[in-house]
Amino acid sequence: MALALAALAAVEPACGTGYQQLQNEEEPGEREQTAGDAPPPYSSISAESAAYFDYKDESGFPKPPSYNVATTLPSYDEAERTKAEATIPLVPGRDEDFVGRDDFDDADQLRIGNDGIFMLTFFMAFLFNWIGFFLSFCLTTSAAGRYGAISGFGLSLIKWILIVRFSTYFPGYFDGQYWLWWVFLVLGFLLFLRGFINYAKVRKMPETFSNLPRTRVLFIY
């Protein structure tokens with residue numbers, strides 16, 4: 001047994017000299033490629049990310065609200081109050097939106113008319129009686145023309161009532177019915193005054209509405 005161990009010890013140094021440990025040597029090209037594939041350091045990545053986020057903040061991107069603001073809901077009373085305020089009409093400030101009118105424009109002047117149209121329709125209704133009244137009232141669209149036709153027709157009615165009452169060509173036409181004569185006479189007089197008075201009021205409208213907001217006027221004949 002001792003001889004076997006001595007022989008093994010003598011053989012082992014001789015075998016060890018035949019082997020050499022190879023070092024891990026790499027070629028220069030592979031070493032450069034490995035250095036190029038290495039990831040960048042963490043500090044450079046953090047600096048680039050901070051610069052990117054600073055750029056986004058400077059460009060005007062909206063920041064999200066905080067958690068408290070995003071999760072805070074209004075109470076029931078506040079919600080009802082906001083709803084009630086939204087439904088209230090802004091009536092007190094409405095008059096400030098209107099602009100006063102310096103004068104009537106051409107369209108308003110055509111609706112009112114002038115004295116010439118009033119006199120023309122007045123004489124048409126007075127001379128041609130009901131035919132002149134219908135023609136002048138239907139062919140004119142201005143207030144002066146229609147009020148002139150009404151006034152002229154009223155005076156024409158008075159004229160014919162007086163002719164029939166005191167003429168010898170119509171004897172006994174109103175015998176026993178004098179109340180009917182008074183009814184037509186008063187009716188003609190009221191129509192005559194109505195046309196003149198209403199036209200006088202219409203003529204003053206440009207002065208009345210010159211300092212008021214734009215108003216739509218409805219004429220009732």
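Placement of Cβ uses the backbone N, Cα and C atoms for every residue, glycine included.
The N-acetylalanine annotation in Swiss-Prot covers A2 and rests on similarity to another entry. The motif 'PPxY motif 1' annotation in Swiss-Prot covers 39-42. Sequence annotations record features per position, and here Swiss-Prot assigns region 'Interaction with ITCH' to 42-76 based on similarity to another entry. Per Swiss-Prot, the feature motif 'PPxY motif 2' maps to 64-67. Marked as transmembrane segment by Swiss-Prot on the basis of sequence analysis: 117-137, 144-164, 173-193. Annotation source Swiss-Prot lists topological domain 'Extracellular' at 138-143, 194-221, citing sequence analysis.
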How does the topological domain 'Extracellular' (138-143) divide up by DSSP, counting helix, then strand, then coil residues? 3 helix, 0 strand, 3 coil
Report the mean pLDDT of the predicted model across the motif 'PPxY motif 2' (64-67), rounded to a whole number. 66
Against which stretches of its own chain does the topological domain 'Extracellular' (138-143) lie, if we need a Cβ under 8 Å and a gap of at least six residues from its ends? 110-113, 117, 121, 149, 198-199, 202, 219
